[in-house]
Amino acid sequence: MTKEVLIHQIIDVLARAGFALSDRCNIRPRSFDVAARKDDTLLLCKVLFNIDGLNEETAREMKYLAEYLGGSAIVVGAKTRDQMLEDSVVYMRYDILALSVQTLYDYFVENIRPLVSAAPGGLYVSIEGDLLKKARTTQSMSLGTLASMVGVSRRTISKYEEEGMDASIDVVLHLEDIFGVELAKPIDILKSCGSRKPRKKAEPEKEEPKGKPGTLLPEDLILNTISMLGYDVLPTAQAPFKAISRDKSSVILTGVSEFNTTVIKRAHLMSSISCITETQSVFIINGRSKLKSVENTVLIEKKELDTISDSQELLDFIEERKDTHEA
């Protein structure tokens, strides 16, 4: 299986599950490959044939983007190290949840939650602690007796009941056989990969500008200007846009560049993503712009930005330009 085949499979699964999808991100490097939304569920999906290809920098950006946009970041792949990903198993890479296409299908199409998570040392299952304790006490069985039957310590059984420790698959099967009840706790993928309340505030690690203030790049100066309008600005390194700008009432995918053919290409992609993320999309042009907008992405010249005094005025400017374009 190639990565291209994998991407098409993922898109097919999400579409079948009822998700609306953005255009594919065709830039390099990229922190995510496609954005998808179904009702209040927003996914930023990174596709990697080998999930170990995810690095810490990309994972960090995925988490911050998802947090700013009120969504969840996931990785979908086919293998890890020298073996294929197991179905119905979830993996973690730098606090980003990773899974196979089949697990994605089971969860979003069939509504079947996985039961097993991979961790150093093997595969583990979370136990329904209340059910275990109820089953044990109903049979008047002591912690010590159950521990001896399963081959673990009394403290371990206590931890299982408190849901403070996962168990191996063999232990869970043994416990279920003893009591005749299902004890494995299904994994909620959205919660596990950090499904957050919309517009929750993120706290990215902000890098200090290199050199003296006067040596800031033009793009950084423009982002500073947007920040002074009242926006919380999250710079990006691997997204189709330069930053996400956010205040209490709006979120803006923000591009910054001189006008060129690449800007038009990125503006198209930003427009598609903004429709899925339900945000505004703006490209600040450092110099003259030959266009006023590209689909839903509004192009604003730097000199026009300099005449705007606050975030509401910027939003009004964006809406006015959109209306003019649609007319």
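Even glycines carry a Cβ here, placed using N, Cα and C.
As recorded in Swiss-Prot:
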- 143-162: DNA-binding region (DNA_BIND)
- 201-211: compositional bias 'Basic and acidic residues' (COMPBIAS)
- 132-190: domain 'HTH cro/C1-type' (DOMAIN)
- 195-214: region 'Disordered' (REGION)
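Counting residue by residue with DSSP, the domain 'HTH cro/C1-type' (132-190) contains 37 helix, 3 strand, 19 coil. Regional average pLDDT for the domain 'HTH cro/C1-type' (132-190) in the model is 95.
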